[in-house]
Amino acid sequence: MSNPILSWRRVRALCVKETRQIVRDPSSWLIAVVIPLLLLFIFGYGINLDSSKLRVGILLEQRSEAALDFTHTMTGSPYIDATISDNRQELIAKMQAGKIRGLVVIPVDFAEQMERANATAPIQVITDGSEPNTANFVQGYVEGIWQIWQMQRAEDNGQTFEPLIDVQTRYWFNPAAISQHFIIPGAVTIIMTVIGAILTSLVVAREWERGTMEALLSTEITRTELLLCKLIPYYFLGMLAMLLCMLVSVFILGVPYRGSLLILFFISSLFLLSTLGMGLLISTITRNQFNAAQVALNAAFLPSIMLSGFIFQIDSMPAVIRAVTYIIPARYFVSTLQSLFLAGNIPVVLVVNVLFLIASAVMFIGLTWLKTKRRLD
């Protein structure tokens, strides 16, 4: 009788064997449980793009009543940690040393300029351009404080201050503009990419190193059954890691979740199959655990960080690099998680990402199936 292409009896037996190996192997639990939580806490508490307290120097070249009043408004802001001095060289030295990130210069003719009709703002703001993000914060905060001070001054003088432009900002999807709320979904993607790739990158390589692959290939097992028994147990282990990441993100880190849990489960499964397939492909090619781990880290971690849109906007990349991002599964999972966490179920985003993730999973698992041979080389 011919050997069937797929026997679920053999698949079940091999999955039981693989599960027992996982239970007995502490490294699998370290990779699937400890490392995701550790990385998530590092991303959640260690990376913060919000500047809540900026160190700014105030150069007082004039100590008039108006200059001191504006300085008092600056120092009263909860966003400014001010260093006041009348010595320009001292403040410049502190800025060069990184002790302050910006410098507000109140010139010697500050009061006289303020008394003139239609006078322009007689202050100078110098920022540290080596950190553009912080420099933009300094500029924005100082401009905001300057406008508030002008309004208060006009009210005290019985006048009405009307700015030329009245900007009313609304932050959709992230009303408080908290950076962790979009960092954490991206961090979960990076973590699941690395975990999924590493978990399976060691599987086939370990079989070759221990000499058990020869025993497996000497049986009636088919390529499809071999791949299934390697994918199924690690799929459940990966979904456990995903569940832990979600619980920590929502209940400990406080990131809101507005999407469907069923959609999250479905898309997470597709993404995990892509990363597990990538790891299996690496393991099948290298046949060495050390080499497989190194290749998995480089093939999974670096592209998912650099080319997924997590840190750098894909639209701002050169056309050649943008083309490369289409084969990076993390690209589609980052936007999916950010959408589900912050905006909810947006079909125009989710449907496209699902299609690309299906194609990615089929590609990696298909390549692994082609590279898996039923003979010893």
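Backbone N, Cα and C atoms are what each Cβ position is placed from, and that goes for glycine too.
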Under the annotation given by Swiss-Prot, are Val324 and Glu214 positioned on the same side of the membrane?
no
Stretch with greatest number of CB pairs under 8 Å, the transmembrane segment (262-282) reference, 29-49, 292-312, 346-366 candidates:
346-366
Quick one: average pLDDT across the topological domain 'Cytoplasmic' (1-28), no decimals.
82
Spatial neighbours of the topological domain 'Periplasmic' (313-345) far in sequence, C-beta under 8 Å, 6+ residues away:
172-174, 181-182, 184-186, 188-190, 192-193, 249, 255-260, 263-264, 267-268, 271, 274-275, 278, 303-304, 307, 352-353, 356-357, 360-361, 363
For the topological domain 'Cytoplasmic' (283-291), sequence-distant contacts whose Cβ falls under 8 Å of one of its Cβ atoms, 6 or more beyond its ends:
200-206, 208-209, 368, 371-372
